[in-house]
Amino acid sequence: MLKKSLGVLKYGFVILIVLLSLGPFLWVLLASFKTNAEILSNSLGWPSSFRFSNYTKAFQIAPISRFYINSVIVGIFGTLLNLLLLGMAAYVLARFHFRGKKLLMGAFSLSLLIPGAAMLQPLYLTVNALGLYDKLIGLIIVYTGFGLPVSLYILSSYFLTIPKEMEESAYLDGASFIQTFFRIILPISKPGFGTAGVMQFLLCWNEFQFAIILTTGNQSRTLPLALYYFKSQFASDYGVMFAATMVVIIPSIVVYILLQEQVVSGLAAGAVKG
Amino acid sequence: MVRKNRGYITLFLLPTVALFIIVYAVSLVILFSTSFTEWSAGRSPVFIGLANYIKLFTDDADFRQSALNTGIWVVLQSTVHVAIGTLFAVILSMKEFYWKFARTVYMFPNIISGAAVGMLFLCMLNPEFGAVNSIVRLFGNADYSQNWFMDYATAFLSVTMTWLPYAAVVTILILAEIAAIPESLFESARIDGASNFKINLYIIIPMLRNIIGTCVILSGTSMLQKMDIILMTTGGGPGNQTMNLPIYIYKTALMDNNFGYSNSVGVFLIGFGLIFVLLCRNLFRIGSSQN
């Protein structure tokens with residue numbers, strides 16, 4: 001008896017969790033194909049036809065394509081720069097012992113303990129002083145910095161698993177330090193870079209609070225801001241609002257489904273630091 | 001190897017050190033030093049000692065409400081949220097047919113932008129056409145039009161519900177830890193006649209102390225950052241019902257241009273986070289060996 005009711009509770013809980021996770025997403029997806037009248041009269045039902053007019057209209061009302069391009073640029077360069085810089089630093093920290101290393105590692109892990117919100121005004125000031133306000137490059141540098149602790153940790157743990165003999169034989173063959181890093185170490189560390197890269201890309205793609213304070217014009221705003229700034233424009237046309245929401249959500253979901261294993265191991269690796 | 005490569009070591013570290021200085025070190029220096037000043041846009045900071053902090057603690061109702069809300073959300077997230085994620089992980093670890101699907105789907109709300117999550121809930125809870133009110137109407141109450149995010153009675157609860165149940169990160173971390181428990185432990189327990197329920201309660205959960213502690217810290221501290229969802233849904237309102245410290249910093253710094261004051265809130269936020277992390281580390285004895 002006890003066993004049976006426990007089983008019912010268990011499935012009830014699983015179904016509830018799945019509904020809570022998938023429900024809002026599916027409901028907005030369905031609604032994004034409806035007309036305004038349908039949304040108001042038939043909120044829970046199936047759309048009468050799968051028309052894409054809401055999507056084309058969303059792109060007309062707000063400069064979503066501009067925001068999209070900005071997000072892609074920030075995502076790609078924010079990830080590449082982060083992987084390059086942190087890859088180099090993580091390699092040296094994982095492989096060599098030198099004076100000041102402990103201090104450096106301590107300082108870097110300190111960055112995990114600072115809530116981003118505390119740095120809102122100081123970073124706004126710094127970015128302004130560097131002349132990077134309202135420029136994509138400003139966002140790229142800030143996001144590269146935000147990914148510092150997680151990427152450093154994931155990459156240096158990966159480098160530690162590579163046997164030292166790999167480099168020693170490269171040196172014997174006359175390869176330089178730089179050649180060894182770029183030709184030998186980078187290619188065999190692809191899985192580590194993959195994990196760190198996915199985490200960093202999602203950070204750049206989803207970040208909101210610094211995007212909002214470090215940009216002011218449409219030419220440098222990223223996709224999450226589209227929803228914030230055009231909420232009022234969309235408000236009269238619900239279907240368009242739903243379509244715009246889907247446009248922001250779908251890339252994250254696609255990246256996640258394709259690279260799920262990297263995300264899962266990235267989360268696990270990142271958390272050990274906590 | 002070090003001597004010969006000293007130049008390269010410096011070269012490889014330099015960009016990251018520069019990045020660290022620009023993003024973190026300079027910010028911390030600005031934050032602490034200007035928290036003791038009266039400073040608004042276009043003026044230079046004037047030293048006023050502890051005046052900002054004194055005002056914060058004695059004469060600022062919005063700050064008090066923000067700190068209180070942040071505290072409540074930290075506590076809820078580090079208890080209820082972690083419990084939901086842990087329970088789900090224990091269920092999924094039985095590897096029944098749905099486990100991979102459920103794990104993937106559960107992650108959706110965590111992987112999409114907070115702004116989009118805010119938008120999803122804004123639509124779901126819309127008084128006119130939102131799914132939640134439509135479902136209530138289905139059960140008879142034809143004029144039901146609760147304005148979840150703007151009603152004083154429901155705003156705080158509605159905002160809380162946008163993150164409290166979504167503990168997929170906790171689930172993933174705990175699943176990974178359960179997978180690392182040696183199989184032999186379960187076998188000997190089964191031989192001794194333990195039921196699945198007992199195995200969960202007495203073997204798995206105690207083995208997870210360290211990782212649960214980590215999850216408590218991660219989930220709790222994530223509440224010190226929450227800004228996007230609140231800004232999308234309530235903007236901190238109605239009144240200051242759903243304000244938290246990040247929103248308050250955003251408002252004082254970038255809407256009122258009261259830089260010195262907002263930075264004293266930033267210092268408070270960092271201190272708040274440090275105390276929380278230290279408390280959790282002691283509570284869960286993180287780092288010490290299991291049992």
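Positions of Cβ are set from backbone N, Cα and C atoms, glycine also.
The transmembrane segment annotation in TrEMBL covers B:12-32 (among others).
Taken from TrEMBL, the feature domain 'ABC transmembrane type-1' applies to B:67-280.
TrEMBL lists B:72-93 (among others) with the feature transmembrane segment. Within the chain carrying the transmembrane segment (B:72-93), a Cβ under 8 angstroms from the stretch's Cβ atoms is held by residues 99, 102-103, 106, 160, 163-165, 167-172, 174-175, 178-179, 200, 204-205, 208, 212, 215-217, 219-224, 226, 244, 276, 280, all 6 or more beyond its ends.
Long-range Cβ contacts of the transmembrane segment (B:105-127) within its own chain (Cβ-Cβ under 8 Å, at least 6 residues beyond either end) map to 88, 133, 145-149, 158, 161-163, 166, 168-169, 171-172, 226-233. Residues annotated as transmembrane segment in TrEMBL: B:105-127 (among others).
TrEMBL lists B:155-180 (among others) with the feature transmembrane segment.
Sequence annotations record features per position, and here TrEMBL assigns transmembrane segment to B:201-224 (among others). Tertiary neighbourhood of the transmembrane segment (B:201-224): same-chain residues 70, 73-75, 77-79, 81-82, 85-86, 90, 93, 167, 169-170, 173-174, 177-178, 181, 185-186, 189, 194, 244-246, 269, 272-273, 276-277, 280-281, 283-287, 290-291, selected by CB-CB distance under 8 Å and a gap of 6+ residues from either end.
The transmembrane segment feature in TrEMBL is assigned to B:265-284 (among others). Panel annotation: around the transmembrane segment (B:265-284), residues 31-32, 35, 53, 56, 63, 67, 70, 74, 78, 209-210, 212-213, 216-217, 220-221, 224, 245-246, 248-249, 252 of the same chain, lying at least six beyond its termini, place a Cβ under 8 Å from a Cβ of the stretch.
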